[in-house]
Amino acid sequence: MLLSLVLHMYSMRYLLPSVLLLGSAPTYVLAWGVWRLLSALLPARIYQVVDDRLYWVYQSTVLFFFENYTGVQILLYGDLPKNKENIIYLANHQSTVDWVVADILAIRQNALGHVRYVLKDRLKWLPLYGCYFSQHGGIYVKRSAKFNERDMRRNLRSYVDAGTPMYLVIFPEGTRYNPGQTKLLSASQTFAVQQGLPVLKYVLTPRIKATYVAFDSMKNYLDAIYDVTVVYQGKDNKGEREESPSMTEFLCKECPTIHIHIARIDKKDVPEEQEYMRRWLHERFEIKDKLLIEFFDSPDPERRNKFPGKCVHSKLSLKKTLPSLLILSGLTAGMLTTEAGRKLYVNTWLYGTLLGCLWVTIRA
């Protein structure tokens, strides 16, 4: 019985982060909504600066739990610049935690508020946040034939014209790699063969559309592309490729180490024509695949479970995350202490979600 209780308590380690992060959502969206109204007659640039700061507050609260709370060890390889830049972030996709890894790198460049995502279209229906992400600069896209290139170009060019700082996160595989989903991997490899491209083992064949449109729309505004390769190393990792942790498993401290390899590619080294970029993007994923094969399958034990090159253990200071946690939780607690505040809180959840769904429906 005692063992069952211990196991139950261990599995509930994700509960506190989940309650605080979801529970503070109405507070955050309400604060953003007030600022949106107040800034309606101000220049877009002023609105964006404050919105980016608000986003920093929420995302650094997220990082408090995903880094400080879990105690995960972050190992960085390659060349992550210290200063923030306007970039496109391209990474392998294997877990819901991948979105947080982009934050992990961005905060180390003081660019956390500038992170914006290219998201699957169905995520626009998320309560409260579905609408907000598009307001912050996120781009919702549909797959394959339904991909709306015109809308994506229009949105990105509007951000460029407004001088919006850009840390645009794209996962070119389009869906998460899972070593247990053999049908998905087989379909990806078949597609590569049909396109005359090398077959990949530990990543899926990348799709070009979102990456090409993003680069083509912002090429005169960008500084570089970050090619990021991520491995989640679990407690019982024996050098084999396993399913990556979910957010719940990660918050239960099932992943003690994240290995992150960063290659900074200057924009002048990226081909501009779509067909050449298609080949270039696949070559970048061939490099990722070789890194992952070496990580998991190298015949030399000394070269397994790490990326080649110098490794830096990067620890995030509480000074960058704890103040945001205290601000958000304090504001939320203050709202819930009064009857009027509780009513506002519930109405924000309810009507904020309904208005957000209505907004994305109109914009669709």
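Cβ atoms are placed via backbone N, Cα and C, with glycine included.
What you are looking at is a predicted structure, and each value in this text was computed from that prediction instead of being measured.
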Given ranges 32-54, 55-77, the stretch to which TrEMBL attaches the annotation transmembrane segment: 55-77
Per TrEMBL, the range holding transmembrane segment, considering 97-115, 344-362: 344-362
Same-chain residues near the transmembrane segment (344-362), Cβ under 8 Å, at least 6 residues beyond its ends: 25-27, 29-30, 33, 124-125, 127-128, 130-132, 134, 140, 332, 335-336
